[in-house]
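Just below is one structure, and these are the notes that go with it.
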Amino acid sequence: MPALSEVLAALDALWPPERAEQWDAVGTVCGDPDAPVSRVLFAVDPVQEIVDEAVELGADLLVTHHPLYLRGTTTVAATTFKGRVVHTLIKHDIALYVAHTNADTADPGVSDALAGALDLRILRPLVPDASDPSGRRGLGRVCELAHPMTLADFAAYAAARLPATAQGIRAAGDPDREIRTVAVSGGSGDSLFDDVRAAGVDAFLTADLRHHPASEATQNTRNGPLALLDAAHWATEWPWCEQAAAQLDAVSDRHGWGLRTHVSRTVTDPWTAHAASSLPNTPTHTPGAPR
Ligand SMILES: [Zn+2]
């Protein structure tokens, strides 16, 4: 059975912490380097229900994509929800390790897993990492569909291929428009519109798209119309958990560690319900009445 320090060194080699953004907080949150590790759970969010799942599973290590503390703290008292997470982990000898923006830009990274879940052919990173001579690392991926689809069909396809959430997939653009190329970025992607435009793709699939950037992107047709697909943040990043678990499995096999890896299927997207409007929908407003 490997010591935690050996497993953490393997995780650091997969997603070097120095490749994380400066504002990020990645690496080991808690854990005794000498403790033995046999079971590892992968999840997107280090929230209480995931930690409870790790306890039930008898995991020794929890690997999450999102950091527990991004901005530092002065307390881990169990009266705070994050402190409760820390208490539960330490009480049950479970280490917590985070791979966030260093996993986003890795090869393979979060967007490779997203493209894989959608069975897309990856052409290149959307924003290549200049320090990677192979040109494979970077943020987002520019991809080709195996078969061109209309936007309406591609939205339905993505909703069926990604893990189910209350949100499903929102789309913007002509539903009959043919989609051949798509840029994908796991997590919040609305800072990437300039890169998506420059890539000249038919569509952009990401999460957390806000009104103004989305409105501007669909109005700006200088390089042809851009269709948008907005999935739940959690759903775009969950495929990475399976990819990451398989990567650790390969390391474990190489070393003869016999690790047992698990991927949490608990949906931790914060949005839990969705009421679709009845379409077609005409806003009702009586002139002169307050809106
Ligand atoms: Zn995220």
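Just so it is clear, glycine is given a Cβ too, placed from its N, Cα and C backbone atoms.
All chains included, 24 other C-beta atoms sit within 10 angstroms of the C-beta of His233 (divalent metal cation binding site). According to TrEMBL, the divalent metal cation binding site annotation covers His65, His66, Asp104, His233, Glu237.
The region 'Disordered' annotation in TrEMBL covers 271-291.
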Per-residue Cβ crowding (10 Å cut-off), top of binding-site residues His65, His66: His65
Close in space, distant in sequence - Asp104 (divalent metal cation binding site), Cβ under 8 Å, 6 or more apart: Val110, Ser111, Leu139, Gly186, Gly187
Glu237 (divalent metal cation binding site) CB neighbourhood, other CB atoms within 10 A: 26
